[in-house]
2 protein chains.
Amino acid sequence: MSQLFKDLERARVGEGVELDSLLAAVKWSADGLIPAIAQQHDSGEVLMMAWMNATALRESLATRRVCYWSRSRGKLWRKGESSGQQQHLVSAALDCDGDTLLLQVDQHGPACHTGRRSCFYVALDADRARVSSEPLIDPDALYGKGQA
Amino acid sequence: MSQLFKDLERARVGEGVELDSLLAAVKWSADGLIPAIAQQHDSGEVLMMAWMNATALRESLATRRVCYWSRSRGKLWRKGESSGQQQHLVSAALDCDGDTLLLQVDQHGPACHTGRRSCFYVALDADRARVSSEPLIDPDALYGKGQA
């Protein structure tokens, strides 16, 4: 863990650093990415996890519309650009060792490309996996073809 | 995405597959890992993100005590084994494309190695990062030295 994150462990509430210093200390992957968890700010429902690079994170913080990095398409992905189901950014936080983001968002409609509210719909028990929710919208109505 | 996850997209609530088939289709990293988000089941607070391999996931589902894979120590990590701050597994779900887990847990005390309830305490805005919560417990009281 970088010294910056060790120093923040002992900092008081409200103390901090410039965003540029923080981003220089973030534990980006070899591809320059960090996982970002999106949680609906009022209900607490965890909607999805996707990836951001520094550009996507800076854009999201500045515009308050969530922008990810699409690993499959290899480009910035402004959530909702093909489906219309945008995410408004309410707040963002990094974790203790600087390798994961938690976004509080206001998600319009389904977050999942299947038309479900949340991507986490395959419930696991010790011997089986079962689908636990229905789509809100038929995915064919969300896209010609594409991603959320 | 594997055919199994495509098939689950169109499955009805309650339909599913054997856990072994599902685990064979999960998108494990090159190191055989998948990120796992831990959420306090009743408050909705997102506590941490860590990693699981298939052994850790099977053990967690069977024993209902959350077991991760520690990348820094290169071994199974039964959460709380050094700090006493265990996680009881309430439920687990995989996401639509089989590359992220969401765990509903009952976390005893702080989840974070800093003594804070949640690891996500570095709040970001467009130009600064600020600490947003205090430790519940002095981390020196949690460990001689070690990880949560």
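Cβ coordinates are placed from backbone N, Cα and C, and glycine is handled just like the others.
Annotated features in TrEMBL:
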- B:D95, B:D97, B:D99: Mg(2+) binding site (BINDING)
- B:C96, B:C112, B:C119: Zn(2+) binding site (BINDING)
- B:48-121: domain 'Phosphoribosyl-AMP cyclohydrolase' (DOMAIN)
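Features recorded in TrEMBL, as mapped to the structure shown.
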residue : record              : DSSP (3 states)
B:D95   : Mg(2+) binding site : coil
B:C112  : Zn(2+) binding site : coil
B:C119  : Zn(2+) binding site : coil
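Ranking the binding-site residues B:C96, B:C119 by other CB atoms within 10 A of the CB puts B:C96 at the bottom. A straight line from the CA of B:C119 (Zn(2+) binding site) to the CA of B:D99 (Mg(2+) binding site) spans 21 Å. Separation of the C-alpha atoms of B:D95 (Mg(2+) binding site) and B:C112 (Zn(2+) binding site): 24 Å, rounded to the nearest whole number.
Looking at B:D99 (Mg(2+) binding site) and B:C112 (Zn(2+) binding site), their Cα atoms lie 24 Å from each other. When the alpha carbons of B:D97 (Mg(2+) binding site) and B:C112 (Zn(2+) binding site) are compared, the span between them is 28 angstrom. Over all protein chains present, the Cβ of B:D99 (Mg(2+) binding site) has 19 other Cβ atoms lying within 10 Å.
Note on the binding-site residues B:D95, B:D97: the fewest other CB atoms within 10 A surround the CB of B:D97.
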